[in-house]
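Chemist: Summarising the annotation, TrEMBL assigns domain 'PHD-type' to 35-152, 378-432, 521-574. According to TrEMBL, the feature coiled coil maps to 283-331. The region 'Disordered' annotation in TrEMBL covers 483-515. Per TrEMBL, the feature compositional bias 'Basic and acidic residues' maps to 489-503.
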């Protein structure tokens, strides 16, 4: 027990004082009734000692980490961590930790073999059998050594590792067997003595002088505390957040590019603490408001139940009164009819004896009210003269007639797009009023100065000898229905005029009614310059011409498109104002 700071001359009673001793003995952690967490390493199992600030460390960590001091060297208490440099917290990464999140927690020690750069926690090295201690005869100031796997003796390391594992398993098995073998009286005696020790420890802690604290707070990263990381991981588990998606920063935070040490900011700033307290106060207020609202809700539900009961009673009484009213009305009608038969005249039934009119439920009560239906305006197609498929009717902006998309020539699959300065017109209006646009788009100048349309494709001229007159073209007569006879042919001159379809005749009549407008493309209305169909465009509203470059914005070609009309900016602004 001397390794824990307990000797035979002290006031503590040891279980090993004599072979027949039955007096219980407890460590400092059990006396204080806590489950400690070491400040120097992430491992939780082992033997702990309390620091002067109320923290806990492994006794083996306190012995092997340089800079850790003891107030009483013989009793190994209290442990002081203020003399240690705080920059060592999280400065190095342990090479034996399996979880990378705990590799930079606590303080790592280095290998004592020369210039070796291996770092590890003390308890991790203890599990691997890498700790060694000088003999008692040697007079060395620091008799505790630690070597990495490359510099430690292989056989010695294996023997220490096996010894550590065997000791751990023996302690677990002996603890289980002792709990089974203990009688209830012995267990009660141990618990009573443990309560006495805990009361003494609590009294000593309250009367203990306050530990020395440096004037300036030393910054320490939050990630260097294993207990803080466990609490954060537990919080993430309760919130349902997976911690595997966050990368672990394994970079050396103690050194920078130029070799100087970086300044570590405190992990908990004043803003964070204020936010945390404000959040807690807000949560408390919200919980109080929720409790008040719940009480109000319960009261309203109770009142609603009472009102439901009263409403049901009133409904029953109303139904009884309605039945009684119906019986009295029927009796009154019978008496009134009897009076009419006695007098021999037809008497008018008074209003009180007439059957009440049924009241229709309002819209709020779930009934339907009659809505005034507006007369539907059905437009008919200008080609098929039918009014079906109103959603497929297209309005011509020139003749103001509607056409089905499928009745147009050629038929359209969707509604044409109308822009700011252009509108849509049917093919008849396009042929009647936009011949100048066709000329603008399809006219080309020949080398001799004449112009011709690109769309007028003439057939090749056939070679006909001068001495032979051309033969008249014969067409077959399709009106004959004789079987087995050859069809006779008649000259084209004697061909009867074919019947024109009704729709085409209607279109021709429309074309005849619309006179063709004169071409006024002689000068620009903006710059008063001359021009022709190649560089002028005419407005379909005011019939004035403009150069392509005089438009706002200027254009390189005519803004007119086949099947669409075009108006200038003046006409567009005047129509928008009207």
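Placement of Cβ uses the backbone N, Cα and C atoms for every residue, glycine included.
No curator has checked TrEMBL annotations; they are predicted automatically.
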Chemist: Which numbers of helix, strand and coil residues does DSSP report for the domain 'PHD-type' (35-152)?
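Modeler: So the counts come to 19 helix, 26 strand, 73 coil.
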Chemist: Treating G and I as helix alongside H, and B as strand alongside E, what does DSSP give for the domain 'PHD-type' (378-432) in helix, strand and coil?
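Modeler: Residue counts in helix, strand and coil order: 9 helix, 10 strand, 36 coil.
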Chemist: Taking the domain 'PHD-type' (378-432) alone, what is its mean pLDDT?
Modeler: 82
